[in-house]
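K.L.:
Handing you a structure now.
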């Protein structure tokens, strides 16, 4: 219900803002909201040739293709004049994201089709894990800890192994593997959910822990910083880990308190301390490597673990081939069956993802997001927050809505203020230490047709706020 209302508010308010802008004269055309492409110039006026200044008229008549670009103030966007069909079209600024119709296309072609391919492959592997008995063995080993965090899950339930694989893939930055494992976990949890259209306690806990975004090293962030000329592109690695770890702990404590989980459990505390110690130890090792060493270690570690999971699944299935025979199938046929189930899951989540992404596209292109962002920055600046911090806030504000959009703000902030500035570094931490909350909600709950997400969205947004506040303190501590 909360997600539905939020979606409606974004959609309706964005449409209203666009229409008001057109009739008030603030916008010349709203076609870009429907058909425009990201980074394309926006049409702001159209005049006859004799209505433009003389020097522009002369330049247009002499220019190749009757097009000129003028920038009278360096800080302002370029203004482009195009003389065609007896009129001069004037363009300025650039579009923030694809329009509504291109977003519909890109959601299918660039997002859902690749996701379906990943789902097909990894769901095929997971079918092998199920029939071979490997998932049951993993669940049996981890049950003593997981039943403390997820009290409603029976011991040795298959969802335990799927959640473990999802958390491991997320931690290693293996997004293409994390999503299929996570969706399989949601399906498995749905099997024991007594109210099929209402999120269970276990599903909410899993979603909030998943969305906290704990990742060892975000290689993409390091790559963006290196491209922007950072002196040490990996210097935000430790702040990112600290911020996302605090976000994960906050998510666990908030949801745990709501679900009355026993935090005093000795086994739970032991595992938590061991996990933190392991992360710190790994960080200490990685931190003493140079940039090339870090890139080499992290990329190979992630790749080796993924290859290892695939190899283990196939070898274990080969050794347990008798179980496949008993199930009236073969290893390959079981893989195909699992892959087909993955394709069905991808088709199921498509409408949920489409609805969310077109709403976000309209929200960004309407200009409403920029107004809200500027208001929040103004409030923060009046509270005494430094400009270096407020300049990074657009990344934090857009991150729950769109990873691609916030990434654009990140790159822009590094280009404008410098990759080694507090703004550039803080923007990197914001991008690294959170998930695209609304996308995650749409994909994971949509995959099992849950309509009532209960307090999941509110908790995930609260964790996002905690990560933003933590990132500001951590960045200020490390880099000021």
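Including glycine, each Cβ sits where the backbone N, Cα and C put it.
TrEMBL does not curate its annotations; it predicts them automatically.
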K.L.:
Match it up for me: which of 297-318, 319-340, 341-362, 363-384 does TrEMBL list as transmembrane segment?
P.N.:
297-318
K.L.:
Could you tell me which of the ranges 176-195, 236-255, 396-415 is annotated in TrEMBL as transmembrane segment?
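P.N.:
The listed stretch tagged transmembrane segment in TrEMBL is 236-255.
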K.L.:
In the domain 'Nucleoside transporter/FeoB GTPase Gate' (348-450), how many residues does DSSP call helix, how many strand, and how many coil?
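P.N.:
Computed counts for the domain 'Nucleoside transporter/FeoB GTPase Gate' (348-450) are 80 helix, 0 strand, 23 coil.
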